[in-house]
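Student: Take a look at this one; I'll ask things after.
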Amino acid sequence: MKLTDNVLRSFRVAKVFRENSDKINCFDFSPNGETVISSSDDDSIVLYDCQEGKPKRTLYSKKYGVDLIRYTHAANTVVYSSNKIDDTIRYLSLHDNKYIRYFPGHTKRVVALSMSPVDDTFISGSLDKTIRLWDLRSPNCQGLMHLQGKPVCSFDPEGLIFAAGVNSEMVKLYDLRSFDKGPFATFKMQYDRTCEWTGLKFSNDGKLILISTNGGFIRLIDAFKGAVLHTFGGYNNSKAVTLEASFTPDSQFIMIGSEDGKIHVWNGESGMKVAVLDGKHTGPITCLQFNPKFMTFASACSNMAFWLPTIDD
């Protein structure tokens, strides 16, 4: 089944899970699309089975809190950042609920975490104005970059380069093998005082970069030239909430939630809004991602919703 405007318009909430007492701050699908794992401000980690459509188990990180949870490539392991007492990144085995390794180094809250799509490398960005490069096999930081402001960062789909959004006005592209030489490309954007950048993602085809903000718009830029292709708005975000924006796996559509529980979808090529879907969420949709392998997506406030199409084109 191919994603089209009509298929997207047909998506409806198939299941809602109320496992959390506070907002879900992040979730991540496993690369095979079979499970999704969430982190929440209530200090819990919930693992869901996407095929059976049910929660499988819940773990807790009471002492440190849990945010920015990401699957690694090894089965049943995740990395996540703390949102409480320290800024160490933790590598957890879900299998026996034991920490495999800690990654200390950041001195302020970690605000970005991206796992390499191809190996055990990952990068983190922090309010201490640094981006750190790590390898899951070693607790020691493999590389460090000092920046002029708050960074957001992400790997490209090949795992060869990463992009850093700095100070909500610049995108810098780095070659992973020689990032200490500085960026090989820098794209300066029009600075907007009204909001901050909250995230950065590559499309699966590597041609586009999506910049999320805590304002009322998101930007789509050309990953090679840095030109702004589209600015998408018209959704509610009056309280400067961090709303996650995502590509569909075919790189054709862009989705974002809003503070009123609706999901807005645009065609990345034409820039036209193709759908507004009502998730009936009780709070702002802070997390939204399409499943990498199956025709389903998930959205979250303090509840988790799984969506399915109601037509089969």
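Keep in mind that glycine also has a Cβ here, set from the backbone N, Cα and C atoms.
Pulled the feature table from Swiss-Prot, pasting it below:
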REPEAT    19-58  repeat 'WD 1'
REPEAT    105-144  repeat 'WD 2'
REPEAT    146-184  repeat 'WD 3'
REPEAT    192-231  repeat 'WD 4'
REPEAT    236-276  repeat 'WD 5'
REPEAT    280-313  repeat 'WD 6'
Student: In the same chain, which residue numbers or ranges, 6 or more beyond the ends of the repeat 'WD 1' (19-58), come under 8 angstroms Cβ to Cβ?
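Tutor: Distant contacts of the repeat 'WD 1' (19-58): 65-71, 73, 78, 80, 83-84, 92, 94, 283-284, 286-287, 289, 291-294, 296, 298, 300-304, 306.
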Student: Can you work out which residues elsewhere in the same chain, 6+ from the ends of the repeat 'WD 4' (192-231), have a Cβ less than 8 Å from its Cβ atoms?
Tutor: 112, 150, 152-158, 163-165, 168, 171, 173, 185, 237-238, 240-247, 249-251, 254, 256, 266, 268, 271
Student: Quick test of the contact rule: Cβ under 8 Å, at least six residues beyond the ends. What residues does that give for the repeat 'WD 6' (280-313)?
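Tutor: Same-chain contacts beyond the flanks: 1-4, 6-8, 10-29, 31-34, 36, 38, 40, 46, 48, 50-51, 53, 237, 239, 241-249, 255-263.
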Student: Which residue counts does DSSP give the repeat 'WD 1' (19-58) for helix, strand and coil?
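Tutor: The composition, in the requested order, is 0 helix, 23 strand, 17 coil.
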Student: For the repeat 'WD 5' (236-276), what does DSSP give as the number of helix, strand and coil residues?
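Tutor: Breakdown, helix to coil: 0 helix, 18 strand, 23 coil.
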Student: Over the repeat 'WD 1' (19-58), what does the predicted model average in pLDDT?
Tutor: 94
